[in-house]
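Undergrad: Starting off with a structure, shown below.
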Amino acid sequence: MNQVAINPAPWQPVCQRSDLVANSGVCALMGDPSATGPLAGRRSIALFFIPHATPQFYAIDNWDPIAGAGVIARGLVAEIDGELTVASPLYKHHFRLRDGACLEDSNVCLRTYPVALDGDCVSVALAPDRQ
Amino acid sequence: MVKQKLIVIGNGMVGHHFLEQLAARPERALFEVTVFCAEPRPAYDRVHLSEYFAGRSAEDLAMGKVDQYREWGYELLLNDAVASINRKEKTIISASGTTRPYDHLILATGSYPFVPPIPGHEHARCFVYRTLEDLDAIRAASEDARCGVVVGGGLLGLEAANALRELGLEAHVVEFAPGLMSVQLDGGGSELLKNKIEDLGVTVHTDTATELIEEVGGRLRMQFRGDRELVTDLIVFSAGIRPEDKLAGSAGLELGERGGIVIDEACRTSDPHIFAIGECALYDNRIFGLVAPGYSMARTAIARLCGESASFTGADMSTKLKLLGVEVGSIGDAHGRAEGASAITFVDEQAGVYKRIIMDGAGKKLLGAVLVGDTGDYDQLLQYHLNGIELPEQPEQLILPAVDGETPALGAGALPATATICSCHNVSKGQIMEAVQGGCCSLGEVKEQTCAATGCGGCAALLKNVVDEELAALGVEVNNHLCPHFEFTRQELFHIVQVGEIQTFDELLEKHGRGHGCEICKPTVASILASLWNDHIHSKPHVGLQDTNDTFMANMQKNGSYSVVPRVPGGEITPDRLIVLGQVAKKYNLYTKITGGQRVDLFGARLEQLPEIWRELIDAGFETGHAYGKSLRTVKSCVGSTWCRFGVQDSVGMALHIENRYKGLRSPHKIKMAVSGCTRECAEAQSKDVGVIATENGWNLFVCGNGGMRPRHADLFATDLDDETLVRYIDRFLMFYVRTADKLQRTSVWLENLEGGLDYLREVIIEDKLGIGAELEEQMARVIGTYQCEWKTAINDPEMLKRFRQFVNTDEPDEKIVFVEERGQPRPARDDEVVKIAEPA
């Protein structure tokens, strides 16, 4: 099971485990439009579940800034040089699932978020875990 | 700067090559070019003239295009022969009365067919075989004829005999000499050729001199020497060619004793301002009646005009071809006329193979060869001959059938860099090595860059050897592994999956791969699994293997919305269904556009709308169009004989039949097809992977065409097929492609990389050389038998439908997808427009 350090990040329950699709992504709408600070604005997030990998769960921005479209969740999961990535469907840039780095363009990095599983409930900590 | 006036007289293949080569050089700018062409159309491919009967149109055979010449800045005067040359004034006068001055004159007047002066030869039903007009006339005369005779058993004569046979006539060949193709073949070779051709139903009369042709009772009676006769309906003369040298002769240029404009190494005539190239020119007392030497003369003349020092010093007249399906090859001194020459002959009467090599007295050098029935050794023998390579100890091994792979193969390494690999495009081994050194890493890339093996294709196997050897020499490991997760080619993986009956990607990865897989191997394996077992692409183990378009069974557009293309087989649609498409588009505010494949594309559907849209389309009887898949897209068609006054078969009916047959077939890449109802080819079948064109007698099948970025004209694969044979060949062709192609390789590139090329493909599909025909058909039958409309299955499966939620935690739409209106339809908003919309007014 996933080991996630409990930190003071604001966890939000997102969906049930059965909503995730093995070896593929789904998309969730996060954030609170009325809040301020790290929770401000709405944000769509791609959730990936890779049963044979460690860790098994990944949360990453759904917006592909290169394509200018929210499509990351619909990308294909690809292992490149031992790293799990998602290939964005439009222009096929690869983004590393663990830290969001774009393999083809070092100036681009997606935000990634901690994921926790509590029973069947999948939660995401919205505060960026890096940057 | 005053431009030099260059006049080119004659626009055949060689004249065209001259103009094409000149246009590619910077020196082109030095000349003002005028072209006179006696025929009503610019240059066309006379080498493939016979294909005109097999469905190729005049446009297909065209080489010189009026627009192209205009683009090159040439003045082209069609239907206007040059009547006289005034060398003193340096002017020419054309038949229409045009006078033009010149600085340089190029004579590319070609040749005319020789018609023996037999009494009666001018009868209206006596023809020659030279121009498209000749072929039109022969075709017209064949309509109420039963029998046709070709006078002349040379190369062109046998082609003409085949054409008569294909026009449905009882065909005869009458040859004056004791054997067929007496220039290229020795007695033994030509005897075997005769037997083989007679087996195909063409009657051959050798040693036969025609003395008289007369009309008797509406037919033609041919009186032969020795009191024999033959009654026929039409006669085609193909008794050799004569150089077209009248214009040159009347201008006082030096001619050969038996005709031909005398040229020197520079291709200059006896007047230094006048060049002669091609079949009208006589070099070293020889006429060169092949295209390659003509091209070589054209390049020489251009080089000289540009002040370079190229020379034409004769050419090798070796040939390899297929006549009426019989392979024939002739190299160098086929008759062994050289002093002290000795020969080795191999004959296999059962298989119908004759091979003979002619060596010098010492048995060290290959002087010539004759091959009939099997030309597999041609390339290697030609290289021995052209490069003067010393023969092995036991030269007979070169033509004997291989015993345990004992045949000594002439490695590409034995060839000097100057060796010509491709004689059609004059590409040397050195140029190929340079291309590889310059970064070409595959056969396809080398072909594209050097043009090698893109003419007759005969050198493809040798080319591959040279490329492989050079890659190895550079230390480039030729790694054709699919990706880091599978150390196999796609073809090998296909075999592994088939033999091991592997059903899932995970199983394959566990047994034969490593890691997690990537965007190369996942869709490739998914495609192989679908081709073999044809599960729904969304059934549990296959989820996550497909690219987004296959995953959501729609085509993602730039803003993340999708387009939807329902199948409209053959482009035929009822008004009611057309109305449904309109109603659905209107209801969901979709942008509509007619596609090139005769369907309607509906753009701008949001992910979560796809199932609702499909529910409505399926209720109205539509099926998925697989526009998102590496699979059959559409079969385009014209209305055919049902409506069109020119149509000869029901092209829409056939298009419907094959579209419904192959819909849903997953393949290495997308497949496009078309069916045309007559040779006018309104469905553009010759730009498709599979193209079918109706003939009076059935269907002609074209394969491996492509449009798009790298257009490729399809190859004529088989002619006059009945419905059943057509479908059988397509079954086998598609399955063979599915089995053996590389990932994301269209049929056009696949064929270019297929060792043995089109001939090999015919052997596999038509002759069933590999003995897999029935298996391929069976495999296709399984795919056809398990077809399901993927969308119909999906909308009835709640688990699959869960995939089409925009967000797993809310039903809200994606607010980032914004449309604006343009020309009465929606389109994705641009970034600046989105901001405007977001800002409060």
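The backbone N, Cα and C atoms fix where each Cβ goes, glycine too.
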Undergrad: Which of these, B:Cys638, B:Cys704, does TrEMBL list as part of the [4Fe-4S] cluster site with B:Cys644, B:Cys678, B:Cys682?
TA: B:Cys638
Undergrad: I'd like the number of other C-beta atoms within 10 A of the C-beta of B:Cys638 ([4Fe-4S] cluster binding site), please.
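TA: Total other Cβ atoms inside 10 Å, all chains included: 27.
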Undergrad: Can you check which residue among the binding-site residues B:Cys644, B:Cys678, B:Cys682 has the largest number of Cβ atoms within 10 Å of its own?
TA: B:Cys678
Undergrad: May I have the DSSP-based helix, strand and coil counts for the residues of the domain 'BFD-like [2Fe-2S]-binding' (B:421-468)?
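TA: Secondary-structure composition of the domain 'BFD-like [2Fe-2S]-binding' (B:421-468): 26 helix, 4 strand, 18 coil.
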Undergrad: Check for me, if you would, whether the domain 'Nitrite/Sulfite reductase ferredoxin-like' (B:557-618) reaches the domain 'BFD-like [2Fe-2S]-binding' (B:421-468) - at least 3 Cβ pairs under 8 Å, residues 6 or more apart in sequence.
TA: no
Undergrad: Three states by DSSP: which one describes B:Cys644 ([4Fe-4S] cluster binding site)?
TA: coil
Undergrad: Which stretch, B:5-292, B:421-468, B:629-769, tops the Cβ pairs under 8 Å count with the domain 'NADH-rubredoxin oxidoreductase C-terminal' (B:318-382)?
TA: B:5-292
Undergrad: For the [4Fe-4S] cluster site (B:Cys638, B:Cys644, B:Cys678, B:Cys682), what does the 8 A shell look like? I mean other same-chain residues with CB within 8 A of the CB centroid.
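TA: Surrounding the site, in chain order, are B:Val639, B:Gly640, B:Phe646, B:Gly647, B:Ser651, B:Ser676, B:Gly677, B:Arg680, B:Glu681, B:Ala683.
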